[in-house]
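The domain 'Peroxisome membrane anchor protein Pex14p N-terminal' annotation in TrEMBL covers 4-48. The region 'Disordered' feature in TrEMBL is assigned to 48-84, 240-348. Sequence annotations record features per position, and here TrEMBL assigns compositional bias 'Pro residues' to 54-68, 75-84. Under the heading coiled coil, TrEMBL lists 180-236. Taken from TrEMBL, the feature compositional bias 'Polar residues' applies to 240-253, 328-348. According to TrEMBL, the compositional bias 'Low complexity' annotation covers 258-301.
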Amino acid sequence: MAIRDDLVASAVQFLQDPSVASSSVENRISFLRSKNLTQEEIDVALARTGGNAPPSPPSNTPPYPSSPPAQYYQPYPPNAWQPQPPAPLRRDWRDWFIMATVVGGVSYGIYSLGKRYVMPLVAPPTPEKLEQDKKSIEEQFERSFALVEQLAKDTEELKSAEKERTERLDKAIGDLESVMSDLKSANRRREDDAQRVRDEIQALKDAIPKALSNQKEMAEKRLREINGELTSLKTLVSQRMTANATSSPSTIVNPLRTPATPTTPATTMPVATGNTVSSSSASAGESAAAGSSSTPTTEAPKALPARTTGLTNGKPAGKASIPAWQMALSNQNDDASGSKDNQAASSS
C-alpha cells in the first residue's frame, strides 16, 4: 500500500509539538493509529521527527520505494530574540489636504441630501404650503362626495332593476306553474278519455258477439217466417189453380155469357184468400187487406184467357207469381226487423 504523504506530514507536525514530544512513544503511536495511519506511515513520521520507532512486525508485502524526506523549518525557540515592529509613517501636508478635501466633499453631499429630502419632512410647513394642502384636501373631498353620490344613484338603479327582474321572474314562475297545472289537467283528461275509449272498445268487443248471435237468431227467425209465408203462398196458389180449374167448364158451355160470369170467381176468390192467409199477413192492417181484396179482382179476368188457351191447346196453365201485397208486407217486416236489430246493437 502506498504511503500517504499528506497524512505523514500532518503526523510529523503533530509529533513536533512540544506537548506531544513529552509523551511516551506508545501513546503517540496509538494516537496515530486512531487517526487511521498504517504502521509504515507511523514509522516514516517517527523517522522524520527523530523519535525511536518500535520494531514493526515482519510483513510479506514487497518494500515500497521511500520518498525523499521533505524540508521542514524548525520553529523559533521560546526565549529567542523577537524582531521589532516597524515605526509608524509620518504624514505631510499633502496627506492632510487630501483628507480635508475628501471630508469636505462627503460633508457637502450629506448636507445637500439632508436639505433636499430630510428638511421637507422635518421642517414645519409654510402658509403657502398649508393653503395648497388645504385646497388639495378640499378637492379630494369633493371628488369623494361625487363618487359617493354616484355610487348611491347606481345603487338605487340597481335596486330598481333587481326589483323589476324579481317581479318578472315571479310572473314567469307563476305562468310556468299555471301552464304546468294546465298540462297536468289536460294529461289527466286525456288519460280519462283514453280510459273511457278503452272501456267503450272493450264493451263493443264484448257486445259484438252478442249482437252477431242476436242477429243470427233474428235472421233464422225471419227465414222461418219467410219459409212459412212461402208455404202459405204455395197453398194459396194451389187453391187458386184449383178454383180456376173448377170454373173453366162453365165458361166453355156458355161462351156468350162471358161478360157476366166473371163476377162469380171474383167473389169466390177473396173467400179462398181469407181462409189461407197466415197470421203475419192478417196483422198487417186494413190497408194490406184492401190491397189483397183489390188485387184478385183485377187479376181474375186475366186468368181466363190463360185457362181458355190451356183448354184449347191442351197444355197446363203457367206458374203463378207472388202477389204485390205479399211482397210489400214482407218488405215492411224486413225493415221493422232491421230497425229493431240496429236499436239493440246501439243500446248494447
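Here, residue 1 is simply the first one shown, and the rest follow in order.
Glycine is treated like the rest: Cβ placed from N, Cα and C.
In terms of DSSP helix, strand and coil, the domain 'Peroxisome membrane anchor protein Pex14p N-terminal' (4-48) has 35 helix, 0 strand, 10 coil. Averaged over the coiled coil (180-236), the predicted model reaches a pLDDT of 92.
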